[in-house]
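*Asks:* Got a structure for you, questions after.
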Amino acid sequence: MLAIEDVRAYEVLDSRGNPTVKAEVTLSDGSVGAAIVPSGASTGSKEALELRDKDERFGGKGVLKAVANVNESIAGEILGLDAFNQTQLDDTLRELDGTKNYSNLGANATLGVSMAAARAAAAALGMPLYRYLGGANASILPVPMCNIINGGAHANNNVDFQEFMITPFGFTSFKEALRSVCEIYAILKKELANSGHSTALGDEGGFAPNLANNTEPIDLLMTCIKKAGYENRVKIALDVASTEFFKDGKYHMEDKAFSSEDLIERYVELCAKYPICSIEDGLAENDFEGWIKLTEKLGNKIQLVGDDLFVTNEDILREGIIKKMANAVLIKPNQIGTITQTMRTVRLAQRNNYKCVMSHRSGESEDAFIADFAVALNTGQIKTGALARGERTAKYNRLLEIELESDEYLGEKL
């Protein structure tokens with residue numbers, strides 16, 4: 001075995017200029033792993049706690065408490081542990097925190113250490129991270145769900161839906177799929193500029209124009225897909241993030257108040273008109289009856305993804321499976337706090353034929369851990385923003401590297 005010999009953390013910046021935690025783990029052979037923890041803007045209420053300082057520094061968003069928890073509390077407990085026993089490490093982190101949502105240490109502290117330790121162990125074996133975490137069966141390049149028009153909490157515009165994505169499923173390689181997205185993205189920029197719209201970018205690298213309603217972005221994407229020559233090879237996916245505009249039992253958007261039934265019918269109409277393959281968080285995280293109805297209505301036709309609904313939590317997902325809510329789960333490691341817990345949620349989903357989508361957060365960094373993680377777990381899909389901004393392209397570029405070693409692209413088999 002190789003023992004964990006040193007652990008340290010410090011404050012760095014994410015893509016929004018907010019502080020986040022960077023952790024480094026050193027093993028007894030000198031191998032080092034490092035990781036930067038992401039941060040979300042629209043968050044589910046049941047997510048693991050992201051510990052912030054709430055003082056005068058950085059408008060209260062500093063993470064020195066989480067950093068201190070790594071350096072002072074966590075380090076002393078995990079030094080000497082077997083670096084190759086990820087489960088033991090992560091279970092130790094959970095026990096040390098003592099809460100279900102990491103409200104003592106902070107999930108930004110525990111996840112940083114968990115990720116960094118996995119990287120150090122992979123480095124010690126001379127293995128790529130995806131192979132170390134996934135073993136011999138880690139081979140499938142995921143279909144990217146590329147968010148090229150931003151709205152909601154990710155943009156300063158008047159569009160309610162949070163993400164308008166394109167999914168290049170009709171290709172035999174990841175690099176060709178990515179090329180199609182690049183070409184569509186370039187055409188979209190020209191279309192927006194020519195029509196007098198802003199080409200400013202949102203948090204995730206997509207364009208963030210003011211548009212008439214939540215349908216106009218879809219029309220724009222369809223125009224660009226057609227001009228690029230990729231009809232029937234690229235579909236549309238939406239992240240509605242409806243919890244953000246759910247209040248007093250109604251969904252408030254486009255200057256109207258919609259019931260769950262109204263919104264479901266809106267989705268049915270959209271799916272009949274456009275090649276929509278996936279809707280994420282179509283209803284609010286606590287609108288359970290609505291979710292059951294939505295799944296009954298569209299669950300056999302498209303992918304219905306639970307993000308705020310499930311928050312990458314194995315126990316919550318299990319309840320959702322029993323109640324037949326959604327048919328897919330978004331996977332965000334920082335929602336749950338460790339690598340092991342993330343893997344358990346993915347395995348539960350896969351055993352029950354729920355699809356998985358590995359996902360970034362809107363506050364990201366140059367760390368490309370989730371690219372390897374998506375391949376390791378054969379999630380088959382990944383969300384990591386538009387093809388702009390370095391914190392987004394870092395993940396795409398890492399997947400292009402992985403494709404040189406493992407060239408199976410899920411594509412039409414999705």
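All positions are counted from 1 along the displayed chain.
Any Cβ shown, glycine's included, is placed from N, Cα and C.
Heads up, here are the entries from Swiss-Prot:
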ACT_SITE  E204  active site, proton donor
ACT_SITE  K332  active site, proton acceptor
BINDING   Q162, K332, R361, S362, K383  (2R)-2-phosphoglycerate binding site
BINDING   D239, E280, D307  Mg(2+) binding site
*Asks:* Quick one: which of these recorded positions, E204, E280, D307, have their CA within 10 A of R361 ((2R)-2-phosphoglycerate binding site)?
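*Replies:* Checking each Cα against R361 ((2R)-2-phosphoglycerate binding site), the hits are E204.
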*Asks:* Given the recorded positions E204, D239, E280, D307, K332, which lie close to S362 ((2R)-2-phosphoglycerate binding site), meaning Cα to Cα within 10 A?
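*Replies:* So far as Cα distances go, the recorded positions lying within 10 Å of S362 ((2R)-2-phosphoglycerate binding site) are E204.
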*Asks:* Enumerate same-chain residues with a sequence separation of six or more from D239 (Mg(2+) binding site) and a Cβ-Cβ distance below 8 A; give 'none' if the list is empty.
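*Replies:* In sequence order, N147, F161, Q162, E163, M165, E280, D281, V305, D307, K383 meet the Cβ cut-off.
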*Asks:* Same-chain residues six or more away whose CB lies under 8 A from the CB of K332 (active site, proton acceptor)?
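*Replies:* G40, D307, V311, T312, S359, H360, R361 - these are the non-local Cβ neighbours of K332 (active site, proton acceptor), listed in sequence order.
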*Asks:* Using a 10 Å radius around its CB, how many other CB atoms surround R361 ((2R)-2-phosphoglycerate binding site)?
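*Replies:* A 10 Å sphere around the Cβ of R361 ((2R)-2-phosphoglycerate binding site) contains 28 other Cβ atoms.
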*Asks:* Which of these binding-site residues has the least crowded Cβ, counting other Cβ atoms within 10 Å: Q162, S362?
*Replies:* S362
*Asks:* Once the DSSP letters are reduced so that anything not helix or strand counts as coil, what is K332 (active site, proton acceptor)?
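*Replies:* K332 (active site, proton acceptor) sits in coil per DSSP, no helix or strand.
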*Asks:* Work out the three-state DSSP category of K383 ((2R)-2-phosphoglycerate binding site).
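*Replies:* Going by the DSSP assignment, K383 ((2R)-2-phosphoglycerate binding site) falls within a strand, counted as strand.
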